[in-house]
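Below: the structure, in structure tokens.
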Amino acid sequence: MTRRRKKSRPEKTVPGKRQFLLPVLALLLTFIVRFIFILEMRSHPFSTISAQMVDVYYYHQRALDILAGNFWGSDVFFLRPLYPYLLAGVYAVFGQKALVVQLLQALLATGSCFLLYDSARRIFNRRSGLLAAFGFGLTGILVFYTGTLLYVELTVFLSLLTLWFILTAEQYWRWILAGLSYGLLVICRPELLLLLPFFILILWHKTRLRNLGIMTAAALLVIAIVPIRNLVVAHDPVLFTAHSGINFYYGNNRSADGTWQPVGELEQTPGFSHQRLKQVAKTINGKELSWSKASNYWMQKGLNFIFSNPGRFLKLLSRKFLLFWSNYEVPNNYYPETARPESVTMKLGFVNFGLIAALGLLGMVWAWPLRNRTWPVYLFTGGYLFSALAFYIISRLRAPVLPFLLMFAGFAISEFLDSIRSKKFGRLATGIGIVTAIYIGSSLIPVNRANYTAQAWTQAGNIYLSQKQPKPALKAFRCALNANPENPSARYSLLILLAGMGRTNEAEQEYNKLARLATQDPRNRILATLGAARIAIAHRDFPMATRLYHKVIEQDPTNAENHYLLGLVYISMDSLTPARYQLARAVSLDPNHTGARSALAQVKSHLRR
């Protein structure tokens with residue numbers, strides 16, 4: 001910023017090359033740890049672009065659409081739009097290689113480490129910056145997300161880039177860059193737009209009005225690209241994404257628990273796909289609405305819950321607040337639990353959220369007298385906390401707050417060292433006691449870990465199953481059911497695997513267990529019916545299988561997979577005309593269903609002969 005201020009305490013000047021050695025080591029550590037992790041995951045489901053990884057698959061398919069010439073798309077952006085364009089750019093140059101994307105993100109992480117170090121050095125001191133940078137390199141969950149095909153790494157980089165430009169903005173062009181990076185950040189995380197009034201209010205007293213105007217104008221110009229594009233392409237005035245109101249309702253409804261969980265009105269049947277979510281969310285009372293109206297409908301439903309149940313909402317809000325500081329990483333799309341056994345670097349990345357949060361909260365208290373210059377770090381931390389409270393807590397949405405907490409954590413450790421040097425042992429003991437209490441508390445916040453473990457191994461098993469690797473799939477499904485024997489998806493997937501392996505008796509035993517789950521919870525009846533259909537196929541009772549699949553389709557006509565499975569049964573019966581109809585229906589519901597498209601092409605070829 002234009003006005004420079006003195007550091008929190010004097011530091012000894014580090015002579016010569018030693019001044020750069022430790023920062024360079026932190027950068028090398030950051031890159032090398034992530035590079036090794038990426039290589040470790042090459043043959044793991046983690047590096048697979050699969051429909052099982054729901055958002056990843058959506059971004060991948062959108063990137064392919066962009067490459068195919070559909071640059072602007074044809075409908076309102078459903079999910080945050082920036083990441084698919086990054087993927088498309090990588091695909092255009094290097095081909096559809098997840099490895100290249102992961103390596104690019106490792107470089108972004110290294111850049112983030114530098115921005116973190118230099119920002120913390122400017123705000124606090126060099127020692128705090130170094131501690132934050134080394135902590136960044138060894139934070140296991142940040143290493144993990146570098147390897148994922150999600151926008152986490154990009155969000156972290158843009159957050160730190162915005163902060164760094166604000167701290168170093170002296171010439172007008174740096175204010176332009178600050179605005180541009182903030183605008184891109186808002187496209188990644190629209191809720192951070194709410195930080196803009198605070199930026200304006202605080203910077204009003206710290207820089208010239210011209211600089212503030214330049215930054216604000218640059219940010220708004222970038223942000224405006226999204227609503228203008230939605231209006232021009234889809235003729236629908238949606239500010240950011242069609243998913244916004246839906247997301248808000250996921251986090252604020254009668255069954256909400258503070259994390260992302262399926263909602264009865266939106267997930268009426270087992271399984272999840274964005275294609276089905278679009279169809280259900282857009283159809284209100286039997287009428288298909290525009291996305292602006294549909295998103296507003298779900299937003300209003302969430303607000304109605306809040307205002308009609310204030311006590312319940314406050315309880316939910318307190319639950320979200322606790323989960324935000326929990327030492328458990330609530331997974332979604334990607335599961336650290338299935339990657340950790342195969343990764344040495346995940347085990348070496350010992351710095352976890354609970355440790356960073358404990359040190360960071362203490363650092364926030366101790367840094368309060370320095371708030372005149374630490375305000376941007378408080379602001380970003382508050383922005384990500386607000387985002388979590390407004391929606392829900394999942395690990396990948398929480399992860400971008402870690403660099404800012406690391407700055408406070410680095411400052412807290414630096415203060416510990418100063419307390420030792422100056423023999424202020426009372427302050428040291430108090431600080432250690434506070435950190436210990438917060439860390440223990442964050443580790444004791446209750447979370448249904450068994451349920452997430454079952455989800456994690458079910459996902460891994462299904463990916464192995466799609467890759468025709470029965471042995472690791474079987475092991476994964478067993479792990480899932482050991483964690484939670486009541487998980488119907490794991491039970492159904494195990495049934496499918498056993499039937500496919502010709503182990504029909506074992507498959508029937510799994511069906512009996514699945515049927516018992518269906519009597520306990522009606523939501524599991526569709527899975528039980530699908531399981532019965534697969535058992536019928538194993539016995540080559542194709543007429544029975546067709547009846548069962550038709551029964552499922554009557555209850556859930558929007559599920560492309562069920563139409564596909566029914567089409568395959570008709571192929572086995574040599575009934576190609578109804579097979580063509582079911583496969584065509586599957587493709588119309590999910591144009592990206594490669595199995596249905598391939599089978600449909602073969603059926604059409606046979607019918608033409």
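Note: Cβ is positioned from N, Cα and C throughout, glycine not excepted.
Note that TrEMBL annotation is computational and uncurated.
Features of the protein shown, as given by TrEMBL:
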| type | residues | note |
| --- | --- | --- |
| DOMAIN | 81-227 | domain 'Glycosyltransferase RgtA/B/C/D-like' |
| REPEAT | 454-487 | repeat 'TPR' |
| REPEAT | 560-593 | repeat 'TPR' |
| TRANSMEM | 20-39 | transmembrane segment |
| TRANSMEM | 99-117 | transmembrane segment |
| TRANSMEM | 129-152 | transmembrane segment |
| TRANSMEM | 172-205 | transmembrane segment |
| TRANSMEM | 212-232 | transmembrane segment |
| TRANSMEM | 350-368 | transmembrane segment |
| TRANSMEM | 375-394 | transmembrane segment |
| TRANSMEM | 400-418 | transmembrane segment |
| TRANSMEM | 425-445 | transmembrane segment |
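Counting only same-chain residues 6+ beyond the ends of the transmembrane segment (20-39), those with a CB under 8 A from a CB of the stretch are 47, 99, 102-103, 105-107, 109-110, 113-114, 117, 129-130, 133-134, 136-138, 143-144, 146-147, 343-346, 348-349. Long-range contacts of the transmembrane segment (212-232) within its own chain (CB-CB distance under 8 A, at least 6 residues past either end) are made by residues 72, 76-77, 81, 169, 172, 175-180, 182-184, 186-187, 193, 196, 199-200, 203-204, 238-240. Counting only same-chain residues 6+ beyond the ends of the transmembrane segment (350-368), those with a CB under 8 A from a CB of the stretch are 124, 135, 138-141, 325-327, 329, 374, 377-378, 381, 398, 402, 404-413, 415, 431, 434-436, 438-439, 442-443.
A contact between the transmembrane segment (129-152) and the transmembrane segment (400-418) is present, since 3 or more of their C-beta pairs, 6 or more residues apart, lie under 8 Å. Across the repeat 'TPR' (560-593), DSSP assigns 27 helix, 0 strand, 7 coil. Same-chain residues lying 6+ beyond the ends of the transmembrane segment (172-205) with a Cβ under 8 Å from its Cβ atoms: 1, 80-83, 151, 154-155, 158-159, 161-162, 165-166, 211-212, 214-223, 225-226, 239-241, 244, 375, 379-380, 383-384, 386-387, 390-391, 400. Summarised by DSSP class, the composition of the domain 'Glycosyltransferase RgtA/B/C/D-like' (81-227) is 125 helix, 1 strand, 21 coil. A Cβ distance under 8 Å defines the sequence-distant neighbours of the transmembrane segment (99-117), meaning residues of its chain 6+ beyond its ends; these are 23, 26-27, 30-31, 34-35, 38, 42, 47, 87, 90, 129-130, 132-133, 136-137, 142, 146-147, 149, 153-154, 156-157, 160-161, 163-164, 403, 406-407. Residues of the repeat 'TPR' (454-487) grouped by DSSP class, helix first, strand second and coil last, total 27 helix, 0 strand, 7 coil.
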